[in-house]
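Trainee: To start, I am sharing the structure in question, which I have written as structure tokens.
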Amino acid sequence: MAGQLIPADGGSVRDYGEGLTFSVVVTCLMAASCGLIWGYDSGVSGGVTQMESFLSKFFPEVLRGMKNTKRDAYCKYDNQWLTAFTSSLFIAGTLSSLVASHLTRRLGRQAIMLIGGMLFLAGSIINAAAVNIAMLIIGRMLLGFGLGFTLQAAPVYLSETAPARWRGAFTSAYNAFLVIGILSATITNYFTNRIPVWGWRVSLGLAAVPSAIIVVGALFISDTPSSLVLRGHPDRARAALQRNRGLDADIDSEFRDIVNAVNEAQRNDKGAFRRLFSKEYRHYLAIGVAIPVFFEFTGMIVIGIFSPLLFRTVGFNSQKAILGSVINSATNLVATLLSSLVMDHTGRRFLFIIGGLGMMVCEVAISWIMADHLGKHEGVTTMPRSYAIGVLVLICLCTFSFGLSWAPLRWVVPSEIYPVEVRSAGQALSISIQLSISFVELQVFIALLCAMKYAVFLFYASCLLVMTIFVAVFLPETRGVPLEAMRSVWEGHWYWRRFTKDAKLNSNQDSGL
């Protein structure tokens, strides 16, 4: 007999009583491993762009600027082609995620992950063999196409497969693998930086390893029950659900709710993107857009990718700058694993608020140190060693707050809030928004650092204040609520319930009731 769960915002939802099985753990971990490719790329690109072997081949003007003692410390790496190498991946990912949202309904989430892994594999081979900037950019674009496909499929795959009471932990596993990818990349850079001339090729070429893992792994997992029902395969969907929940588990209630949710979606299938922008879906759209936008303005994406350059800016040499990134990545991994353990107990909103406040304090402190000790006097291009170490510590504390909150929750919340009829479209919208802002942000960050200097961190801190207030006031708590019953958390929220009433009224009118 199914029990009842009481969501934080009121109301009751069905508890299917799902247990953990070996099958669901292996399946979810395989899907979550898609985070490896983004993590590895994020970690490796920032390190490679400050390697002298890489710069001397493709960006010799940057290398000359680094050695110019009269150059402003904040402006050493201000080169648009150099930032285009990093940011081009994100514009390709934006376009491919929108394409993937349409293909998902025809091919399923498992097939989309497989295609994404293959595209990323091709891009990593081209980048490792690059002989000019054009080859680098083409390789980065292929990496972006692969990233867009896997980002579209993997987080939603996890949310649809995992048991409701452990959905936060399993969906945040994507971020755990992402951080493992970052850590692996920074360790790789630490050793390849010592190889003259071609060390950067090893770093870029090893991106083939995580993409190969995804390609092989995707061949051995089935699609999600919701996706299979949506594509007209109810028998396969039931078998997949039974395998995930255990051969002796009673899945009748859960499978019936999945079928009903899909049938409702198909009855109202007037174009998922058009529906998403209609009034009855306004509450989903507001949160689905706010989370990726706010995520980008934490400042942690640019700090994570450009951390080696930041450490070089404050005075570390190349090897120590990469070592600092290794320490920062390890801190991120510890925080992410801790978040996975506590997320389904503390809830989403609590972690969002605590993490936001922690990042805000750290970024204000970083700004103060850089303002007081770097570039204050003409000709001063590095800060005292003790203060440079202080910046490293503060960045690690900021990263810990980020890894505990926004880093994993950015994947968890958007993948679980949407009803099935707009889930693929909503995920595509969230991903395309995030990648678009990432492209702009990465393209201009080095120029902003050069122009705004330490004030760039005050800008991000002010954004964190705004987003933390927004989360505290407007984000409903989704902890432990089955996807098929997610509408209940909106009905119990003080502000969004007015939109759920409009949606019910429109649904009744459409049904002739």
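Every residue, even glycine, has its Cβ placed from backbone N, Cα and C.
Just so you know, TrEMBL annotations never went through curation; they're auto-generated.
Pulled from TrEMBL, these are the listed features:
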type     : residues : note
DOMAIN   : 27-479   : domain 'Major facilitator superfamily (MFS) profile'
TRANSMEM : 20-40    : transmembrane segment
TRANSMEM : 81-100   : transmembrane segment
TRANSMEM : 112-131  : transmembrane segment
TRANSMEM : 137-158  : transmembrane segment
TRANSMEM : 170-192  : transmembrane segment
TRANSMEM : 198-221  : transmembrane segment
TRANSMEM : 284-310  : transmembrane segment
TRANSMEM : 322-343  : transmembrane segment
TRANSMEM : 350-371  : transmembrane segment
TRANSMEM : 386-407  : transmembrane segment
TRANSMEM : 454-475  : transmembrane segment
Trainee: Hey, does the transmembrane segment (137-158) touch the transmembrane segment (454-475), meaning at least 3 C-beta pairs closer than 8 angstroms, sequence gap 6 or more?
Mentor: no
Trainee: Please give the sequence-distant neighbours of the transmembrane segment (20-40): residues at least 6 beyond its ends with Cβ less than 8 Å from one of its Cβ atoms.
Mentor: 113, 116-117, 120, 143, 146-147, 150-151, 153-154, 157-158, 161-163, 166, 170, 173-185, 206-207, 209-211, 213-214, 217-218, 220-222, 243-246
Trainee: State, in range form, which of 81-100, 322-343, 350-371, 386-407 has the highest count of Cβ pairs under 8 Å to the transmembrane segment (137-158).
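Mentor: The stretch with the most contacts is 81-100.
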Trainee: Considering every residue in the domain 'Major facilitator superfamily (MFS) profile' (27-479), what is the mean pLDDT value?
Mentor: 85
Trainee: At a C-beta cut-off of under 8 Å, are there same-chain residues at least 6 beyond the transmembrane segment (112-131) that contact it? List them, or none.
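Mentor: Contacts of the transmembrane segment (112-131) (Cβ under 8 Å, skipping residues fewer than 6 from its ends): 31, 34, 37, 96, 100, 103-104, 138-154, 157, 201-202, 204-208, 210-215, 218-219.
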Trainee: Under 8 Å between C-beta atoms and at least six residues away from its ends: which parts of the chain pack against the transmembrane segment (170-192)?
Mentor: 28-29, 31-44, 47-48, 51, 154-155, 158-159, 161-162, 199-200, 202-203, 206, 210, 304, 308, 319, 322-323, 325-326, 328-330, 332-333, 336-337, 339-340, 343, 403, 407-412, 415-416
